[in-house]
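These features come from Swiss-Prot:
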- Lys221: active site (ACT_SITE)
- Ala12, Val13, His14, Phe15, Gly16, Ala17, Gly18, Asn19, Ile20, Gly21, Arg22, Gly23: NAD(+) binding site (BINDING)
Amino acid sequence: MSQTNGTHTKKAVHFGAGNIGRGFVACFLHNSGYEVVFADVTDRTCDALNNQTSYKVIEVGAEGTEEKTITNYRAINSKTKEDELLQEIATADVVTCSVGPNILKFIAPVIAKGLDMRSEELKPAAVIACENAIGATDTLAEHIKEHLPATRVEDLSTRARFANSAIDRIVPAQDPNSGLDVKLEKFYEWVVDRTPFADHEVPSIEGIHWVDNLEPYIERKLYTVNTGHATAAYHGYNRQKRTVYDALQDREIQSEVRRALENTSKLITAKHGINPEEQQAYVRKIMTRIGNPHLEDAVERVGRAPLRKLSRKERFVGPAAELAEKGEDCSALLDAAEMALRFQNVEEDAESKELAKIMAENSAEQVVSQVCGLQPSEKLYPKMVEIVHRVQQDSMDDTE
């Protein structure tokens with residue numbers, strides 16, 4: 001770790017120099033006094049960051065726009081300069097990432113090597129995955145352990161502490177001419193599990209809310225923000241709406257979103273003991289946020305990666321399966337899932353093309369098992385089979 005005038009200079013290595021990395025995570029790290037070292041695989045992004053001494057984070061909301069200037073960063077291409085990156089990880093205070101849940105396994109080997117090189121004199125690095133997925137840091141930790149000898153796994157906690165997090169901030173597609181600048185909503189939530197740091201102080205990072213039990217925050221966020229956002233996008237896409245804002249101006253779509261959030265709110269309040277009035281206030285806030293006209297959030301961007309969003313622990317099937325087991329209403333979630341199944345062959349979205357292929361080549365039962373991860377013994381299974389069959393039938397009718 002670098003020293004300045006005898007004083008320790010805090011350093012964070014962040015994997016993924018995309019919009020969330022630059023606009024959300026790095027912004028808070030910068031504001032907390034960290035030097036940020038971005039690790040990315042794109043030459044163009046790394047070169048731009050290294051050639052430009054600052055970029056802007058532009059927060060937009062009903063009350064106006066605020067700009068923040070980010071400085072004190074560097075970028076390393078993790079594909080071509082691994083040795084350099086290893087040294088940075090070995091001396092970092094914090095290692096974060098926003099690469100997408102499916103990419104965690106690819107960044108794990110270099111993080112494993114870097115952590116293994118850490119001096120015993122240093123405090124353990126705080127490793128926090130900032131992904132839209134439950135238990136993403138746990139997933140990353142398991143991948144890291146796969147690349148370490150058994151003896152080094154045993155004492156890994158002396159070199160790193162792994163904390164799950166829940167992040168919440170809407171970052172729309174950016175103007176192609178915006179360069180490194182990032183436009184996003186003013187609202188944010190970054191909740192991190194305090195318990196892995198039991199005998200150490202948590203890292204000092206502005207914007208983080210440290211908690212002892214993360215699950216209620218993760219599920220409330222995933223099953224309200226992500227469920228609501230995706231429901232609006234998929235219904236909007238199927239009705240030829242351009243943005244989520246446009247979709248929510250349609251009363252029928254707005255009603256579908258509210259119904260879906262009524263389904264999930266029933267689960268959230270019962271499961272986590274959250275006050276129903278508090279949850280309703282949260283829902284109202286979310287409806288305002290996803291309907292922010294200043295974000296220009298395209299339905300294709302919000303709907304992208306339908307295979308992941310239709311999976312077992314995700315925003316539709318996850319809560320719907322739990323509600324179905326309890327005999328509770330999950331009809332609006334099923335309607336949203338149907339719209340997601342119809343999100344096929346969308347330009348610049350590989351998963352939507354893969355979804356179309358899976359739907360065309362498999363039985364409804366196979367699709368429900370493969371895509372949704374449901375077992376025939378689960379109460380939701382026959383309902384999803386019926387929906388998949390209907391979507392497949394409609395596709396066949398369209399081709400005749």
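Placement of Cβ uses the backbone N, Cα and C atoms for every residue, glycine included.
Predicted, not measured: the structure shown is a model, and the values here were computed from it.
Note: the CA-CA distance between Ala12 (NAD(+) binding site) and the residue listed as 'active site' rounds to 26 Å.
Gly18 (NAD(+) binding site) sits 22 Å from Lys221 (active site), taking the Cα positions as reference. Listed recorded positions: Arg22, Lys221. The one with the lowest count of other Cβ atoms within 10 Å of its Cβ is Lys221. The separation of Lys221 (active site) from Gly16 (NAD(+) binding site), Cα to Cα, is 22 Å. Sparsest Cβ environment among the binding-site residues Gly16, Gly18 (other Cβ atoms counted within 10 Å): Gly18. Within 10 Å of the Cβ of His14 (NAD(+) binding site) there are 28 other Cβ atoms, across all protein chains. In this structure the alpha carbons, written CA, of Lys221 (active site) and His14 (NAD(+) binding site) are 23 Å apart.
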